[in-house]
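Engineer: Below: one structure in structure tokens.
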């Protein structure tokens, strides 16, 4: 038996290993519609239950990522670190996550996916708990634990979408992926909300990292043609922008409030985290609206053109760019206008999540989907949100001419303008993807495995 023979453990997350696959009780005649929708032979109820569990874990995944951003002012004050140093928290995590993704993609194509995910989630939970007990003289230990969290998240994020792809096909697969990727903006927003609120209640940011441990542990008792590469580069720009905003938007809004005199500077913990709360709520709402509108726009446009998916992604990024620019520039003039522009910019930005995942899955052959998912994770995070938080922090530090409140705001404002430019570049990548998507999808659909 070769590697590909044992590769795909395509059984659902809840299925028994000894459960037989094959025809259902519908008969031996021509396939019924329900059999066509459930390509794996799993009942529709069990398949949906599997997706529900995967979505919940993905929600916790992204809550964990952005809780740190929600209490970043407190962390900077606790450890007495600069913007550039605090930006490393996200960079170290993303680097670990992206470099380990190919390993888990390789393993996910060949061995039991359920076991790999459960071990990874258990490890992720333990490391998250350990990071909440670090003292103020050991910032290096916080960096280390944030890096180790990437081990668990890489094991999950690489494999979970491919399990959904094994359970559903065609329109139903797109719908289920959209549900799965709702967890990204919702979990991200809840990370800000939960982190900032727990910090306010307890007066200690460490508890923001502990509050989700019970939920985390309870749930684990050949790459195609140019369209894949181009869409991956397009998705990389999405990761760059979201990574930058995820870490720096609440801090930027806080500094804008201090600059305009609406807020008091943070002289002792806990800092004013109201901006994290509002930004978290905006992230949740815009994520739901963005993912839903992106999927619906793609469905309607498919009637007219098979290039609908990359065109919708391109439109989302190109529309997000000017609103992100306006949100950054209006921060000193009007808080209300700033939040409105952030709302619009994040809504258009969120249109990409489910669609990009679907593009990957229909231009890559089934036995290489986990590997392709891992490759996309590596490239998009390597050039995206692994480097963007640190880059924004470094640019901010280099622009800053003094330690005044004005320059703390101005330097971060100018460095964040890079996000709008990157969003435009991402739109161009998706427009290029549209040129090749039909041919690459046809090749993947008509792929005939060799004897290897």
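FYI, residue positions are counted from 1 along the chain as it appears here.
Cβ coordinates are placed from backbone N, Cα and C, and glycine is handled just like the others.
Got these off TrEMBL a minute ago, pasting:
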type	residues	note
REGION	1-43	region 'Disordered'
COMPBIAS	1-13	compositional bias 'Polar residues'
DOMAIN	50-452	domain 'Major facilitator superfamily (MFS) profile'
TRANSMEM	88-108	transmembrane segment
TRANSMEM	115-135	transmembrane segment
TRANSMEM	147-169	transmembrane segment
TRANSMEM	228-249	transmembrane segment
TRANSMEM	277-298	transmembrane segment
TRANSMEM	310-333	transmembrane segment
TRANSMEM	339-365	transmembrane segment
TRANSMEM	377-395	transmembrane segment
TRANSMEM	415-437	transmembrane segment
Engineer: Take a look at 147-169, 228-249, 415-437 and tell me which one has the most Cβ pairs under 8 Å to the transmembrane segment (339-365).
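Structural biologist: By the under-8 Å Cβ criterion, the transmembrane segment (339-365) pairs most with 228-249.
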Engineer: Give the one range among 147-169, 228-249, 415-437 whose Cβ atoms make the most pairs under 8 Å with those of the transmembrane segment (310-333).
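Structural biologist: Stretch with the highest Cβ contact count: 415-437.
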Engineer: Below 8 Å between Cβ atoms, which of the listed ranges 277-298, 377-395, 415-437 makes the most pairs with the transmembrane segment (88-108)?
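Structural biologist: So the stretch in question is 377-395.
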Engineer: With pairs restricted to those 6 or more apart in sequence, evaluate whether the transmembrane segment (377-395) and the transmembrane segment (115-135) have 3+ C-beta pairs under 8 Å.
Structural biologist: no
Engineer: Taking 3+ C-beta pairs under 8 angstroms (sequence gap of 6 or more) as contact, is the transmembrane segment (147-169) in contact with the transmembrane segment (228-249)?
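Structural biologist: No, these stretches are not in contact.
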Engineer: Using Cβ atoms and a strict cutoff of less than 8 Å, what residues sit near the transmembrane segment (415-437) while being 6 or more residues removed from its termini?
Structural biologist: 225-227, 230-231, 233-238, 240-241, 244-245, 248, 252, 306-307, 309-311, 313-315, 317-318, 320-322, 324-325, 328, 349, 359, 363, 391-393, 395-396, 399
Engineer: Quick one: average pLDDT across the domain 'Major facilitator superfamily (MFS) profile' (50-452), no decimals.
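Structural biologist: The answer is 82, the mean pLDDT of the model over that range.
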